[in-house]
Structure formats: C-alpha cells, structure tokens
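Asker: Heads up, here are the entries from TrEMBL:
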- 13-56: domain 'Peroxisome membrane anchor protein Pex14p N-terminal' (DOMAIN)
- 60-84: region 'Disordered' (REGION)
- 173-221: coiled coil (COILED)
- 285-341: region 'Disordered' (REGION)
- 299-321: compositional bias 'Low complexity' (COMPBIAS)
Amino acid sequence: MEASSSSSSSTNRQELIRNAVLFLNDPKVASSTLTSRIQFLESKGLNEIEIQQALSQASNGNSIIDEQNPERPKDPSPKYGYNNQISNNYGYGQRLIYPPEPPKRDWRDLFIMAVISGGVVYGLSVLAKKYLLPHLQPPSTTSFQDTSSSLTSQYDEASKLLTDLTEQTTALQDSIKEDKERVNNVIEEVEDSLKNVKNSEDKWREEMRDIRTEVESVRELVPKLIEKYSASQSSALSDLQNELRSLKTLLVARQGQSNSIQNNGNSSPSSGAGISSATTAANALLTPRGKGIPAWQLPSPSASPSTSSPVSGSSSLSGSGVIEENGDSDKGKGKAVEEEA
C-alpha cells in the first residue's frame, strides 16, 4: 500500500512538473515576469526544486515539443479559446489541445461572398438613389423661377422694411434734435436765472455790509452824541445858575430899594408880597440839584415834576430845547430887571 501511494504521489508530481513546463512554454505566459511565473507555480503546490526542474525543462524542451507535434501552427499569438482552454485545464492532468486548422475555401464560399456583396451594393445604390441623388441633382427651371420669385418678394419686403426704418430713424433724429434744442434753451434760462440770483445775492450781501457798517458807525456815534448832549446840558445848567445868581443879586438890590421906599410910605403891601415870592423862587433855583433823567429815558411821559415851585420844574432835565428856552427867557427877564434897575 505504501509503495502504491508513493508511486501515485510521484506520478502526480511528475504530472505537475509536466504541466508547469507546458505553462512556462506558453508564449502568452512568456511575456510576464519570471517572479510572477514562479509565484504562480508555488501557488499550485510546487517546491523550489520542482520549479527549477520545470524551468530547465521549459528552456530545453521547446525543440522536443516541436519534433513531437509537427502539425502545430507556428502562429505566436494563440487564439482566445485556446488560452482559456489552457488556463481552465491546467492543474487537472489533461493534455494540451491544439486548435483545428482553418477550413479551405472553395467556389461555394466565393459564390456566397459574391451574392452577399452584390446585395449590399444593390441596397446601397437604392438608398443613394432615394436619398442622395435628389439633393445632388441641379434644380429644375420651375423650381428656380419659384425660388427667384420668392427671393424677389422677400427682397421687396426687406426694402420696404428698410425704407420704413429709415423714415422712423429720421423722424426720431428730428425729434431728438428738437428736444436737444429745448433742453439747451432751458439750460441757458436756468444759467441766466442762476447768474441773476448770484448777482442779486452779491448785491444783497453788499447792501448788508453797508447796513452793517452804518449800524456800527451809528453805534459808535450814539455814545459820542450822548456825551455831547450831556456836556451841552451841563454848560446850559451852569449858564442858568449864573443867570439866576445875577437875578438873585438884582432881586436883593431891588428888595433893598423897595424896603427903603416902604419905609417912606410909598409902596403898597401887594408889591412886597410879589418881591418876596420872587426871592423864594430864586433861592429854590439856586439850590444845588442832582442831574435829572431826560424825558425820553423816563418810564412814562406823564410823570409830573415836583410842585414845590414853577421855576424849579423848569430846571429838570426834560430836554435841551426846553432848557435853552427857559434859559433864554430867564436871560430876558434878567436883562429887563437890569434895565429897570
């Protein structure tokens, strides 16, 4: 039993080596790398010694295979079914099967080929006559006339459209020109109005500057006028006081004369009363008073002066014209008294 098992295993190993040699001699496998072929053989269960033996037999066994199979075709590129058969049968202990020789051609094959080619040519000619020749033939006279008439009608329509378009464009250009002229006129009017506004504004500014300068000058002149008025009023008051003093002296002298006349019995009591009232008025006028407030600065114009004496009311600072008139009247009275004296 052991001998039979060892003999069967050795025969299997020899069969694997033979299949490996056939695999290595395959021209399609020869294009692959050596490492890939060795890996494939190792995957099939071969060891290194068997792989080396298969490689040596494959390198030395090409001539032996050619001698044993003289009818094998020399075509280096095997058929697709042949390769599949090798890849499928490899590893199962089957022999290599070569493809059959191609059959020889006889007159029947040529006849069939001629019939088929003639049918194809006939079909192509029919299709060409039906679809290509109508397009390749020149047009007839009627069709040419029809196309020319249609082209002329289309040309006439296009010319009409062009004339209408030109008329519309000319009208549009005229309207645009009119609008442009109107816009230019409006712009000129606006520019003129703006110029007038600017000129009027400049004039108004100049007038305001003049008014401002005048107001400033008036503002500067008002205190000067007030000072002049106060100076003239003070001078008028001083003149009035001087006149009143002279009047008092005259009245005193006149009173002395009246007393002397009274002592003589020629004067009446009414004249003495008049002289005494005049002296009291003169004393009232000669008494020093503070500066009063002008009438235009008082809160109400109906304010009445003090009723102590009519002459003292005239000495209040009611206005320059009134004071001068009172002063002139007093001066006239003084002159009259001096003339009487």
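A Cβ is built for glycine as well, from the same backbone N, Cα and C atoms used for every other residue.
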Asker: Can you give the mean pLDDT for the coiled coil (173-221), rounded to a whole number?
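Answerer: A mean pLDDT of 92 is what the model gives the coiled coil (173-221).
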Asker: According to DSSP, how is the domain 'Peroxisome membrane anchor protein Pex14p N-terminal' (13-56) divided among helix, strand and coil residues?
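Answerer: Final tally across the stretch: 36 helix, 0 strand, 8 coil.
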